[in-house]
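For reference, the structure is listed below as structure tokens.
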Amino acid sequence: MKTLIDAVKSPICKGVQSYYNYRIDIAANSAFIAIFSISLIAYLATYIATRRGLGFTVAMTLGLIAEILGYSARIMSWENQWNETPFFMQICCLAFAPAFMAAGVYLCLRRIVYTFGPENSRIPPQWYTRTFIPCDIVSLLLQGAGGGIASVAWKDNTSTTAGDNIMVAGLSFQVFTLLIFMICSIDFAINTMRRHKTLGQEAFSQHASVVAIRGSWTFKGFVVALSLATICIFWRSVYRIAELSDGWNGPLMYKQGLFIGFEGVLIAVACVSLNAFHPSVCFKEMMEGEGGLRTLKKKSMKLGRDENGTAGVLQETMKEDGTSTS
């Protein structure tokens, strides 16, 4: 008696178009499940060990869980590529998973600004989080709603255009948000270098903790890893817009090689790079409290600085930032 897998491999099924229109690569998809599972364990272990960066950890955890579920669904589709449930599951999970990871990236920029000095940024540091996180939530909601609407329409054998358009709108908004984020990051970097050229070390925050952080190779590695992760997520999102722009039957949907490279590999690189240079390890003081200021304030108070010293300057910065000094 033939099994379901035997039937899928049978010549009788060769003329029947599946949802994917290609035979899923079991090795590649299994590898992604392994990579994302190990990455998830590493993020959770780092948080347990350091107790820092809760928001970052939650964002990356949610994204990785969605990735694992998405690739697990693709493994299920390998067993039966005509089963619509795992097909819809992998589309939805893999579509919005990077949106959670983008939120984790957004949470880090404010900390970097404080590390170099808020005066180097045209935007108050707290507004990076207040602006980009809500935008990411809007993108996530649009992608989720669009995927749900398109899935229902597919099952009802009606047009998925409305749902597809909403998903593409969500992805487009995510790309736009990432683009603005990268522009703000580049502007901050250029402004910091320009002020450093003019003012020297006075352009940077001179608090002992952040001076030590800036000079460490781990912090420099983290900045590179965060930049790489941002570019990978952006690149992947642009690809997904192109892929979904012609609907679920578009030509790019049937290119497994592109999917593995631009969806799986890029997101894996983003996750692993931030595993290797985790912010809670690379600049741990700045991952505590409000932008790290709570820790810096405590250290300044221990040093007994007077109101004209670092503690006074720090308290003034916290007041401008709206951070509690309690």
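A Cβ is built for glycine as well, from the same backbone N, Cα and C atoms used for every other residue.
The shown structure was predicted, so the numbers you read here are calculated from the model rather than taken from an experiment.
Residues or ranges marked as compositional bias 'Basic and acidic residues' in TrEMBL: 317-326.
The region 'Disordered' annotation in TrEMBL covers 306-326.
As annotated by TrEMBL, transmembrane segment applies to 26-46 (among others). Same-chain residues lying 6 or more positions outside the transmembrane segment (26-46) and placing a CB less than 8 Å from one of its CB atoms are 57, 60-61, 64-65, 67-68, 71-72, 74-75, 78, 260, 264, 268, 271-272, 275, 278, 280-281.
Taken from TrEMBL, the feature transmembrane segment covers 53-75 (among others).
Listed by sequence, the residues of this chain that lie at least six past the ends of the transmembrane segment (87-109) yet keep a Cβ under 8 A from its Cβ atoms are 19-20, 55-56, 59-60, 62-64, 66-67, 69-71, 73-74, 76-77, 128-129, 132-133, 136-137, 139-140, 143-144, 147-148, 151, 154, 167, 170-171, 174, 177-178, 181, 184-185, 188, 226, 229-230, 233, 236-237, 240, 244, 248, 263, 267, 270-271, 274, 279. If you look up TrEMBL, you'll see 87-109 (among others) marked as transmembrane segment.
What TrEMBL lists as transmembrane segment is 130-154 (among others). Within its own chain, the transmembrane segment (130-154) is flanked in space by residues 84, 88, 91-92, 95-96, 99-100, 102-103, 106-107, 109, 160, 162-171, 173-174, 177, 180-181, 248, which lie at least six positions past its ends and keep a Cβ under 8 Å from the stretch.
According to TrEMBL, the transmembrane segment annotation covers 166-190 (among others).
The annotation transmembrane segment is assigned in TrEMBL to 217-238 (among others). Nonlocal intrachain contacts for the transmembrane segment (217-238), taken as residues 6+ away from its ends with a CB within less than 8 angstroms of a stretch CB, comprise 98, 101-102, 105, 108, 112, 115, 171, 174-175, 178-179, 181-182, 185, 262-263, 266-267, 269-271, 273-274, 276-279, 281-283.
Here TrEMBL flags 258-277 (among others) as transmembrane segment. Tertiary proximity for the transmembrane segment (258-277) is limited to same-chain residues at least six positions away from its ends with a CB under 8 Å from its CB atoms, namely 25, 28-29, 32, 35-36, 39, 42-43, 46, 60, 63-64, 67, 71, 94, 97-98, 101, 104, 218, 221-222, 224-226, 228-229, 232-233, 235-236, 239-240, 243, 252.
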